[in-house]
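Annotated features in Swiss-Prot:
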- 472: active site, proton acceptor (ACT_SITE)
- 80, 122, 123, 446: Mg(2+) binding site (BINDING)
- 121, 194: [2Fe-2S] cluster binding site (BINDING)
- 123: N6-carboxylysine (MOD_RES)
C-alpha cells in the first residue's frame, strides 16, 4: 500500500507513534488497513458548505465499515455570491489553485492510499479535481448537493440569480422595497449550492459523466436522505477502488473530457465549466483544443433548460430523472457520448445510466423535441478573440442570432457598473469590459453585477456585454466572456474604441470589431505595457504565473525557470 511509506519498518516507529496519538487507530492491526483521506471543505460562511462536517462524519463511519482508516482535513472555500462585486472576487478563481495545491500537499505528505473528496461550490469542486488528477491516488467525489429552490411569499420561484437581477430592477423602480426584501429573505431557503444551473451545480453534474462521482451527485438535494446514502455508497466504492488500484487518470481521459462538454451542452451549463474543464485536461496531460468544443456543440442537443435560463431548479431536474436520464437520452444519439468508459463505480458509463428514463419531458426533453438541436455553449472566434471566447447561447433569447452594436468601453468592472447605474448604457450598446482577465483583474472576476443590472433594467435583448473576465453561472443575456488573449496579455480587446461597431454572430460563432487590420495595428502602437495591479501577497504571485482563459486560467512556471 502507498501508506506503507509512513507506517512500515523500524525506521517509521516515530511516525507510528504520532499516528497512535491521533486516536484514529483502535488496535495494532489497523496499521495494516488502507489510510483514506477525507478532503472536506466545511466552512461556516458558505451555505453550500455549512453541512459538510455532517457528511464527512458519515463518510468516516462508512470508510471504517469498509475496512479502511479515515483521516479528515479541510481546504479553504470562497462563496462567489458573497465575494461578488468587490476585492473578494479577485480571490475566487485563484482559490482554485490554492485548493489544488493544499490537497496535493496533504495527500502526498502523508501517503494516503485513497481520497474521498467532499466539495460543493464554485471553485472547490474543480480545485479538488485538479488535485485528484495531479496526485493520481484512487479517489471518489460526493458533493454537498444543491439547496431547495426559493419561493417568494406570492409563490414565485426564486434563485440567487433572481436576487442579483432584483438589484437592477429595484434601482430602476420596477419592484417595490417590500418585494425586494421578500426576495432577499426567500431566495436561498436551505443549505446547499445555489439552486440553478450555476457553476457549482454545473461542475457537480459534470462529475457524474466524467465518472468520478456516483449517479445523482449533481441533483440530489443537500437536505435529502438520498445525499447521505450516496456518501455511504461512495465510501464503499472508494475502498474497492483502492483494492483494484483504479486511479483518476484511468477515468479522466480525452473521451471523458469530450463527454463532460457534451453533458454541458445538453444542460446549458455555466461558462465557467469551460475554464475548469480545460484546466483539468491540462492537469491530466491532455492537449485539448477549444475548437473541439464547438464540434461537440454541433452534435449535442440542448435538452434541459434550467435557471437562470428558465424557472426550473436542480430539484426539478432531479425529479425528472436527473443527470442519468439526460445521459441515457444522449446514448440514443450515436456518437454523442463514449458509453464504455470505466468510472469510479467500477462500472462503465453505460452501466451506470442505462434504462434511466425521463420522468418529466417538460424539464428534460427528448431528442425529438430539444430546446435546440445544438448545445447551450459556444466558442466564438474573430479579430477580438483570436484564441477564443465563450458564450452561454442557452441564456440568450432564441430570437437573437446576430447582434450588432456600438462599443462603450471600460477598463474595469466598477466603471461599467457605475455607467449602467447612471443610464449611460443604452439600447444598441456593446459594453466592453477589459483588463479583468486572469492576469489583468487579477483573478478574472465575474461580471454578474453588470449583466444582472442590464437584464434587470429590461435591456437583456438590446445590450450585449463582452469581456476578458468571466461570468457567474447565474448570468444570462448576450454575454461573451473569457476573451483570449486578455487585454493584459496584449489581446485585441484592448484596442477597441468607443463607437466601434461590434458584431456577435451566434450562427457562425464569430466575434469581430468592424475595424481594419491596419487600423488595429496602428492602435497597438499606442497601448502602454500592462502593469500588475497588485504588488504583494498571493495575487501578485498569481498575476506573474497565470495564463489566459483559453488554457484554463492555470498557473504555469515559465520554462526558463524550470
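Just so you know, glycine gets a Cβ as well, placed from its N, Cα and C.
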Cβ neighbour count (within 10 Å, all chains shown) around residue 194 ([2Fe-2S] cluster binding site): 33
Pairwise Cα distance for residue 122 (Mg(2+) binding site)/residue 194 ([2Fe-2S] cluster binding site) [Å, integer]: 10
Integer Å distance between the CA atoms belonging to residue 446 (Mg(2+) binding site) and residue 194 ([2Fe-2S] cluster binding site): 16
Pairwise Cα distance for residue 80 (Mg(2+) binding site)/the residue listed as 'active site, proton acceptor' [Å, integer]: 8
Whole-number Å value for how far residue 123 (Mg(2+) binding site) lies from residue 472 (active site, proton acceptor) (Cα to Cα): 12
Per DSSP, three-state class assigned to residue 194 ([2Fe-2S] cluster binding site): coil
DSSP state at the residue listed as 'active site, proton acceptor', helix/strand/coil: coil
For residue 446 (Mg(2+) binding site): intrachain residues, at least 6 apart, with Cβ closer than 8 Å: 80, 84, 89, 92, 469, 470, 471, 472, 475
Surrounding CB atoms that lie within 10 Å of the CB of the residue listed as 'active site, proton acceptor', all protein chains: 29
Beyond the site residues 80, 122, 123, 446: chain residues whose C-beta lies within 8 Å of the centroid, for Mg(2+): 78, 83, 89, 92, 93, 121, 199, 272, 472
Neighbouring C-beta atoms (10 Å sphere around the C-beta of residue 123 (Mg(2+) binding site)): 29
